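Peer 1: Per TrEMBL, signal peptide is recorded for 1-20. Sequence annotations record features per position, and here TrEMBL assigns transmembrane segment to 214-236, 281-304, 316-339, 351-377, 383-407, 438-460, 472-498, 510-529, 541-564.
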Amino acid sequence: MISSNLFVLCLLLLSVFVGGDEHNHIYEENEEVVLWVNTVGPYHNRQETYLYFSLPFCSGPKETISHYHETLGEALQGVELEPSGIPIDFKGSISTTPYCEVGLSEEKLKAFTYAVKNHYWYQMYLDDLPIWGVVGEIGENNEHYIYTHKKFEIGFNGKQIVDVNLTSENKVKLENGAVISFTYEVSWKNSAVKFEDRFDKYLDPNFFQHRIHWFSIFNSFMMVIFLVGLVSMILMRTLRKDYARYNKDEEMDDMERDLGDEYGWKQVHGDVFRPSAHATFFSALIGSGYHITVVTISVILLTIVGELYTERGSLISTGIFVYAATSPVNGYFGGSLYARMGGKRWIRQMLVSAFLVPAVVCGTEFFINFIAIYYHASRAIPFGSMVAITCICLFIVLPLTLVGTVLGRNLSGQPDYPCRVNAVPRPIPEKKWFMEPAVIVALGGILPFGSIFIEMYFIFTSFWAYKIYYVYGFMLLVVLILIVVTVCVTIVCTYFLLNAEDYRWQWTSFLAAASTSGYVYMYAIYYFFFKTKMYGLFQTAFYFGYMALFSLGLGVLCGTVGYIGSSFFVRKIYSTVKID
Ligand SMILES: *[C@@H]1O[C@H](CO)[C@@H](O)[C@H](O)[C@H]1NC(C)=O
């Protein structure tokens, strides 16, 4: 009873957070247009942001309006809208007008000087269109200036706002005791831009050069064809040879066979379907991997269809929603794998499965949040959002995972392996160093990484700098190519491992594919030192925290894809060989 009430409460919470802004973007003549201020932060790190009013800016004469309702996604991204108090009316041009004054005390002077020194920018929103402005400028003799005049040029098309330009003018030197008067002016212009196209000017086709994208896709695609050809050729030839050899063995009599040289993957038929080590954790990882893959592909598709990147935070809200809604996927595949491995403690497995990803994400968030609170950054996640996330995990993700687990255990939990598992594990023979699982794992990620690293540059740059990522079609192609390459490489790895009569292929195939993320993380380290100008504890922790999260997610995705490919492969080769 209580839990069902809480469930309804959560749904309500969710609808409030996700429902968001009901603005219809239609304005009548002289209707009020609200200018929202959002954040300030250093230019070199888009993700390090503080509240606009954490700098001693002053707000305009307009009475403050109630706090803006954020969506959950916005709150998680650190969007923190406050009304600026600057009066603007639709089509009402305003010539230069002062809107407030700040007397520079020692403390305020210090804050502004710090902001100017660190190239702070502030961000505002007008009718959901983002506007950026620079706080100040450093003069020739290292004196600091602040811009005091904001010139808004707003383009309208019919009753809708389609374009906003902000120019910062009139710099004033920062001096102790000075009184700084902030002014603004607004001019309205008829514009031919269509309302649907008003975000186009924020997209940067010069940066996201389609030529480079096509080139890299073409490259990766060639690699895919090459790999698929190579894998099928090697396997066809080798397997045919192996089968021929095994068949010949059969024709020999027992005496001969005892002396014969049986070797290779067939030898481990009694062990290859032995449950993997740490079955609970392994099946939870695979379940989560299926889940992450489904969420990634659905969110990319939804973004392509809905152009989600034009709305603040809607990508994250959608991601959370899709994640919660597709939880049964996690339970189904994790639970059925665990059942096939003969696992009995399925409730424990389900709990690990359901909370693995949320726990890692929230753990990292908690760590970053801790630093963000210390620095008073707007990135600190509000308490309400934390409660909402916890509610979603407990009352949506958990029950749906339970449903999935029960279904998975009952529908595909039967171990229908082609070979029986021997009672006693076979000893693993000595082998050459390059056949060791650790080496295979380390090498496995190179090719998959090679197929994605160009796209990584674009994704990193749009996350950490002022670019809006919008080429999601390319991203989808890259993800598909990554999946194919990963599967091919992992199958080859698994073949080598089994041929060396090492049957521990489950973890090896997972980790060999997942090691892609190790290379991505190394690339992230390179990117940090050579492509960004970040500095300080906050930015460093923030960067490496989020990159670790990203890499882990990618690793679980690749690992699962690799494992799925290998398990098909293993099942296939052992179901065609005759076991005596
Ligand atoms: C904003 O600036 C761009 C580029 O300078 C210009 O093309 C556009 O017309 C301006 N918009 C308005 C409303 O003035």
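Just so you know, the numbers here start at 1 and follow the chain as drawn.
Each Cβ is built from the backbone N, Cα and C atoms, and glycine gets one as well.
All TrEMBL annotations are machine predictions without curation.
Quick caveat, the model's predicted, so the values are computed rather than measured.
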Peer 1: I'd like to know if the transmembrane segment (510-529) touches the transmembrane segment (438-460) in this structure, counting it as a touch only when three or more C-beta pairs sit under 8 Å and are separated by 6 or more positions.
Peer 2: yes
Peer 1: For the transmembrane segment (383-407) against the transmembrane segment (351-377), do we get 3 or more Cβ-Cβ pairs below 8 Å once near-sequence pairs (under 6 apart) are dropped?
Peer 2: yes
Peer 1: Using a cut-off of under 8 Å between C-beta atoms, tell me which stretch among 281-304, 472-498, 541-564 contacts the transmembrane segment (510-529) the most.
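Peer 2: Ranking 281-304, 472-498, 541-564 by Cβ pairs under 8 Å to the transmembrane segment (510-529) puts 541-564 first.
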Peer 1: Can you tell me which parts of the same chain pack against the transmembrane segment (351-377), counting only residues 6+ beyond its ends and a CB-CB cutoff under 8 A?
Peer 2: 48-51, 54, 78, 280-281, 283-285, 287-288, 291-292, 323, 327, 330-331, 334-335, 389, 393, 397-398, 401-402, 405, 537-538, 541-542, 545-546, 548-549, 552-553, 556
Peer 1: Applying the under-8 angstroms CB criterion, which one of 281-304, 316-339, 472-498, 541-564 scores highest with the transmembrane segment (214-236)?
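Peer 2: Result: 472-498.
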Peer 1: Per the 3+ Cβ pairs under 8 Å rule, pairs at least 6 apart in sequence, do the transmembrane segment (472-498) and the transmembrane segment (541-564) touch?
Peer 2: yes
